[in-house]
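Engineer: One structure coming up, written as structure tokens, with questions to follow.
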Amino acid sequence: MIISASTDYRAAAQRKLPPFLFHYIDGGAYNEQTLRRNTADLADIALRQRVLKNMSELSLETQLFGETQAMPVVLGPVGLSGMYARRGEVQAARAADKKGIPFTLSTLSVCPIEEVAPAIARPMWFQLYVLKDRGFMRNALTRAQAAGVKTLVFTVDMPVPGARYRDAHSGMSGPNAAARRLLQAIAHPQWAWDVGLNGKPHDLGNISAYLGKPTTLEDYMGWIATNFDPSISWKDLEWVREFWQGPMIIKGILDPEDAKDAVKFGADGIVVSNHGGRQLDGVLSTARALPAIADAVKGDITILADSGIRTGLDVVRMIALGADSVLLGRAFVYALATAGEAGVINLLTLIEQEMRVAMTLTGAKRIADINRDSLAVSERG
């Protein structure tokens, strides 16, 4: 299959992956209305074309939490990335490092902190949930600091797991799930050889290191079901703020009042996010939620955004709507599944090229030049 656009990777990944893995990354909660709106609403945002602006000098470089990055894009945390390519978190981290942007390791990664951090020169970011097992949280934070992590992404929109019907249909969960996954793997020999046989161990590296024993996919599903804490509040984050000396980002903000609370709390950044449509179906798309949040806290806190971003045009749209940078999730996992590290590098190169075209034709020479004026008049609200 010829890859000529950043969006081509989804179809390529679907061909290569066993269905349980493809639908796990591709699916959303309930009827997936928010999942669809994330991409549709963002694609509907019209940019304002400008001409004759002498765009011979153009830069995508930006600053984020005191670090220079090549473009305002971060590889966000995606659980089980190591099931999509052999030692997938390491491959994705290397791709991000080579492209000059941060990589965020998920709590629920296959590769542990100690395997990923030494593989790259740039300090990676680490994502953590508020969990019932506070001992695990302290252990993970201590290990992340020891590995040189400076930026913590705290995900707060999972007090309970979302209802993801596709997982039961595909074999990720539900009756006879293990047998169904085995049959699917046999039917996808390339993945079975590269990842299934040669990508082991297939456990949750960060959790196994804490528990002192390997964890299976069934353990993963059970751990999710029992360890997320519906009682969480801002008070649960206070001890983390005292413990963690580096930048702390609150991920899962979708309302201006919560964004204001994050500022009061002393967070360094927020991620405007509906978890890629994987938690509460029927909520606003990130593209629709972002402008009001930016109006409420822009300048008081660094604003990142995710959910629905597939192209360089989408990155420009999100920044015009009020984000300082964006996180990629599904988009980079599709590329990772298709061609590993090289696929992610190519995806980021395509996104960079798409951003350059969009900035050239909207008259934005620097990332700081992208704002509401970059949108068509009808989009400015």
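The backbone N, Cα and C atoms fix where each Cβ goes, and this holds for glycine too.
Note that the structure is a prediction, hence the values are computed from the model and not measured.
Copied straight from Swiss-Prot:
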DOMAIN    1-380  domain 'FMN hydroxy acid dehydrogenase'
BINDING   Y24, Y129, R164, R278  substrate binding site
BINDING   S106, Q127, T155, K251, 306-330  FMN binding site
ACT_SITE  H275  active site, proton acceptor
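Neighbours and distances for these, please.
Structural biologist: According to DSSP, R164 (substrate binding site) is assigned to coil rather than to any helix or strand. Long-range Cβ neighbours of R164 (substrate binding site) (same chain, at least 6 residues apart, Cβ-Cβ under 8 Å): G27, G28, A29, R278.
With a 10 A radius on its CB, R330 (FMN binding site) counts 26 other CB atoms from all the protein chains.
In the three-state DSSP scheme, H275 (active site, proton acceptor) falls into the helix class. Counted within 10 Å of its Cβ, the other Cβ atoms near H275 (active site, proton acceptor) come to 24, all protein chains included.
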Engineer: Rounded to a whole angstrom, what is the C-alpha distance between R330 (FMN binding site) and Y129 (substrate binding site)?
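Structural biologist: The separation of the Cα atoms works out to 19 Å.
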Engineer: Restricting to the domain 'FMN hydroxy acid dehydrogenase' (1-380), report the mean pLDDT as a whole number.
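Structural biologist: 94, rounded to a whole number.
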Engineer: Cα-Cα separation of Y24 (substrate binding site) and H275 (active site, proton acceptor), in Å?
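Structural biologist: Between the Cα atoms of Y24 (substrate binding site) and H275 (active site, proton acceptor), the distance comes to 13 Å.
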Engineer: Let me check the 10 A CB neighbour count of R278 (substrate binding site). How many other CB atoms are there?
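Structural biologist: R278 (substrate binding site) is surrounded by 25 other Cβ atoms within 10 Å.
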Engineer: Spatially, and counting Cα to Cα, which of the recorded positions is closest to Y129 (substrate binding site)? Options: H275, D306, G322.
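Structural biologist: Comparing Cα positions, the candidate nearest Y129 (substrate binding site) turns out to be H275.
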Engineer: Which whole-number value in Å describes the distance between the Cα atoms of R310 (FMN binding site) and H275 (active site, proton acceptor)?
Structural biologist: 15
